[in-house]
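A.B. asks: Quick paste of what TrEMBL says about this protein:
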DOMAIN    17-91  domain 'Cation-transporting P-type ATPase N-terminal'
TRANSMEM  67-89  transmembrane segment
TRANSMEM  95-111  transmembrane segment
TRANSMEM  258-280  transmembrane segment
TRANSMEM  286-311  transmembrane segment
TRANSMEM  705-729  transmembrane segment
TRANSMEM  735-753  transmembrane segment
TRANSMEM  773-797  transmembrane segment
TRANSMEM  809-826  transmembrane segment
TRANSMEM  846-864  transmembrane segment
TRANSMEM  870-895  transmembrane segment
Amino acid sequence: MRIGWHGEAAEQGQHRTWHAQAADDVLRGLGVDGACGLDDAQAAQRRLVSGSNVLPERPARAPLLRFLAQFNNVLIYLLLVASAVTFAMGDRIDAAVILAVVLINAAIGFIQEGNAERALRSIRALLPFTTTVLRQRQRRQLPAAELVPGDLVFLASGDKVPADMRLLAARGLRIDESTLTGESVAADKTPAAVEPGAGIGERACMAYSGSIVRHGTASGVVVATGPATEIGRIGAMLEHIEPLATPLQRKMAAFGRWISATAFVLGGAMFAFGTLVRGYSAFEMFAAAVSFAVASVPEGLPAVMTVTLAIGVRRMARRRAIVRRLPAVEALGAVTVICSDKTGTLTRNEMAVQQLIFADGVLDVGASGYAPYGAFTCCAKEVDPDSAGYLREIALACLLCNDAQLDRKGERWELSGDPTEGALLSLAMKAGIDGPRERAAYPRIDVIPFESEHGYMATLHAQPGNGLRIVLKGAPERVLPLCDTESHAGRPLPVAASAWHGRIADAAGKGMRLIAVATRAAPPGKAGLDFPDVEAGGFTLLGMLAMADAPRDEAVAAVASCLAAGIRVKMITGDHAVTARAIGEQLGFPRPVRTIGGEEMDAMDDDALANALATTDVFARASPQNKLRLVLALQRGGEVVAMTGDGVNDAPALKRADVGVAMGRKGTEAAKEAAQIVLADDNFATLAAAVEEGRVVYENIRKSIVFTLPTNGGEAGMLIVAILSGMTLPITPLQILWVNMITEVTLSLALAFERPEADVMRRPPRHPAEPLLTGFLVWRIVFVSLLMVGGCMTLYLWELRHGASLEQARTVVVNTLVVSHIAYLFNTRRTGASPFSREAFTGNRIAVLAALVSLACQAVLTYWEPVQSWFGSAGLALDAWGRIAAFGVLLWLAVEAEKSVRRRTGRH
């Protein structure tokens with residue numbers, strides 16, 4: 001009999017309550033016979049409706065478009081216009097120089113941002129190539145891409161789940177869903193339906209595409225494929241999420257608009273004044289207006305910014321933080337809140353036994369993930385496992401009732417099997433148990449695998465002396481009622497159940513997971529193990545093991561460093577609220593640690609969520625939608641948000657955050673491609689170091705702007721003075737470009753190599769609304785610009801009045817601008833530091849080298865005839881150089897005097 005396919009099942013994604021329906025109802029709804037599976041005709045028809053079991057791939061942006069995107073900048077627009085106008089006026093050298101600056105800047109950005117978005121392709125890679133399917137009563141190996149809703153699929157340990165499935169049968173099934181839920185422990189799975197409102201991590205009857213079977217076997221029916229799967233929904237979220245511009249990008253855009261408007265308005269006013277009041281020809285004034293525009297625009301600033309960011313990328317790479325997109329360097333320094341995933345980021349994503357709880361005491365266990373190293377201590381005194389028979393007894397039981405395997409690969413230990421069993425195996429190895437030898441001495445005869453229905457695993461072993469022994473481990477509430485006695489240093493005494501219930505509650509309150517271990521003799525000659533053998537009881541409780549996915553040691557220090565820097569840290573996880581709160585307390589989050597769950601978040605409107613964010617640092621049972629909503633809520637509140645993560649479930653929030661930070665080792669490719677920064681060592685402490693580098697980059701960029709703009713201000717001021725007074729222009733457009741290139745590229749770049757100032761990680765984050773140029777910095781720019789205008793115009797008029805040619809006078813102006821900027825470079829390196837410290841002059845050798853290179857370039861401009869003909873320069877006598885040097889010293893002294901006044905008044 002063929003069952004019809006109900007119409008509502010054809011529309012994938014509209015039927016999201018499969019987990020709440022009985023297995024037979026699911027089969028009926030999908031129109032499939034559970035004994036036969038689909039036939040080929042049915043599968044082909046359904047594939048026409050549902051499509052292939054793959055995720056749609058958005059075409060990558062063409063390289064040409066990525067290159068052209070580098071020109072999307074107001075300053076670049078203004079430079080291109082200036083280049084075109086200059087070329088039309090016949091000044092081809094000027095036009096070529098401006099255009100070369102623009103192209104070099106675009107090339108740097110294009111090379112640094114060469115990696116296209118591949119997040120969707122990375123998620124697709126999580127799908128297995130083939131899977132076992134029941135079609136027409138026959139099991140077949142089919143490509144995962146050919147699955148359709150209604151297909152019956154079989155799973156075994158080690159498989160990747162090929163599509164979203166409703167389980168029909170399961171035996172000892174545990175599935176690692178950490179990439180979807182963030183839950184560090186493999187989830188127990190059963191076919192029983194759950195409540196309609198259950199979250200993804202609580203749907204025990206579902207297996208989701210891309211998750212991994214850690215233990216057991218199962219069969220299930222496909223309910224969603226391709227874009228309709230949970231992974232597909234995350235991919236769809238990624239496709240519609242646009243990354244934000246960084247704080248610096250937004251400020252530079254505003255700065256560019258301000259510069260452009262100022263240049264346009266003042267240039268127009270200059271043109272009108274010159275033609276209407278001074279009587280200059282329109283052509284002369286147009287040339288002067290173009291000169292003014294060239295003087296006003298910091299041509300080299302985009303390139304300086306890009307190179308400064310690139311230097312920050314190199315510094316971060318040395319500290320194991322890999323930057324995928326340049327602007328993220330500065331954005332990280334502006335971060336006010338870090339939203340961190342728990343599993344694998346703040347914790348190791350490796351279960352470890354932290355305590356052994358016995359009837360007569362507790363042993364603390366030194367834990368470092370799965371690595372089998374660590375001491376046993378009691379009351380701060382180390383316990384030798386060789387002299388503690390009770391410890392070796394429970395460790396041996398942990399080894400025997402265990403199917404996991406730990407292998408050393410380099411300096412790391414990798415687990416094959418269930419994470420909980422991996423923790424127990426590591427404990428046995430810490431206690432000095434020789435696995436191969438003990439397994440040979442106690443060969444396994446039979447096993448009852450763990451299943452959530454009965455809550456334990458039991459193994460039957462032959463033991464030396466011809467006896468048989470059953471080893472039992474499982475949930476305390478299942479194992480404890482089967483025990484008549486408890487071990488007191490190896491002596492069996494009646495079990496004190498009430499005392500154990502208190503110990504269980506205490507461990508649970510600390511967010512630990514408990515496993516009880518018991519043993520008893522089995523009747524001689526027994527060849528198998530059945531449930532009645534276990535349910536008969538009579539076991540001796542050896543003890544309980546409290547385990548957890550412990551915080552990384554370096555993460556605790558990194559959280560403290562971030563808090564000291566004024567950065568709030570919020571932990572977002574798929575784990576239970578109790579576990580999440582315990583981890584938050586261990587990490588040093590501000591007390592009391594308040595926790596909000598995913599369902600509670602779903603019930604909140606945006607205003608309620610915003611209020612909760614002010615007092616809550618831990619968010620449990622969070623779905624991908626919850627994580628994205630938290631990031632958006634923080635951003636609406638004016639925060640600059642960094643999001644760390646390693647799973648597929650983190651990818652949408654990583655992409656939307658101001659800075660997405662993925663883990664390099666354990667992170668999925670989807671997370672890495674959605675992020676702007678990847679931590680190569682998965683070390684949360686690396687993030688604190690990267691924040692420091694980001695702050696340094698921002699400070700150095702701001703220093704470069706404060707250093708550069710007085711050049712433009714001085715040049716523009718001289719042109720305005722010349723037009724107002726009716727004198728010949730003291731500097732030509734091409735000479736302006738020369739000065740700008742020398743000061744903005746050679747000298748400004750030296751500031752990119754500045755080392756961090758001592759208090760960089762003790763300052764609070766700068767406010768997101770803080771302007772790029774504060775009132776103090778604007779004053780500094782105006783002050784230095786006026787000094788340069790006054791000095792250059794004084795020397796220009798001096799030269800003309802003492803018989804110098806116009807070319808010589810202009811050459812004095814060009815050299816005065818450059819020399820005064822060399823002096824000003826050493827004013828700018830340290831905003832408030834004493835000018836007479838050794839650090840002020842020798843702390844940055846690149847600055848000294850840049851000054852020498854700049855002087856060499858000025859010598860070429862002044863004395864080499866081919867260059868003189870291009871730039872209209874002329875040779876100078878020694879006394880002219882003396883006047884130029886004297887002004888440079890005077891400018892340096894004036895700025896240092898201004899800095900000294902500000903230091904004394906506390907107005908830095």
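Just so it is clear, glycine is given a Cβ too, placed from its N, Cα and C backbone atoms.
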A.B. asks: What does DSSP give as the helix, strand and coil breakdown of the domain 'Cation-transporting P-type ATPase N-terminal' (17-91)?
C.D. replies: 44 helix, 1 strand, 30 coil
A.B. asks: Pairs of Cβ atoms less than 8 Å apart decide it: which stretch in 258-280, 735-753, 809-826, 846-864, 870-895 has the most with the transmembrane segment (773-797)?
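C.D. replies: Between the candidates 258-280, 735-753, 809-826, 846-864, 870-895, the best contact partner of the transmembrane segment (773-797) is 809-826.
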A.B. asks: Across the domain 'Cation-transporting P-type ATPase N-terminal' (17-91), what does the mean pLDDT come to, as a whole number?
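C.D. replies: Across the domain 'Cation-transporting P-type ATPase N-terminal' (17-91), the average pLDDT comes out at 82.
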A.B. asks: Between the transmembrane segment (258-280) and the transmembrane segment (870-895), are there three or more CB pairs that fall under 8 A, provided the residues in each pair are separated by 6 or more in sequence?
C.D. replies: no
A.B. asks: Between the stretches 705-729, 735-753, 809-826, 846-864, which one has more Cβ pairs under 8 Å with the transmembrane segment (258-280) than any other?
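C.D. replies: Against the transmembrane segment (258-280), the leading stretch is 705-729.
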A.B. asks: For the transmembrane segment (846-864), I need the partner stretch with the highest count of C-beta pairs below 8 angstroms, choosing only from 705-729, 735-753, 809-826.
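C.D. replies: Result: 735-753.
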A.B. asks: May I ask for the residues of the chain that lie six or more residues beyond the transmembrane segment (809-826) and have a Cβ under 8 Å from a Cβ within it?
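C.D. replies: That would be 707, 710-711, 714-715, 718, 730-732, 735, 738-739, 742-743, 747, 750-751, 784, 787-788, 791-792, 795-796, 799-800, 835, 840-841, 847, 850-851, 854-855, 858, 861-862, 872-876, 880-881, 883-885, 887-889, 891-892, 895.
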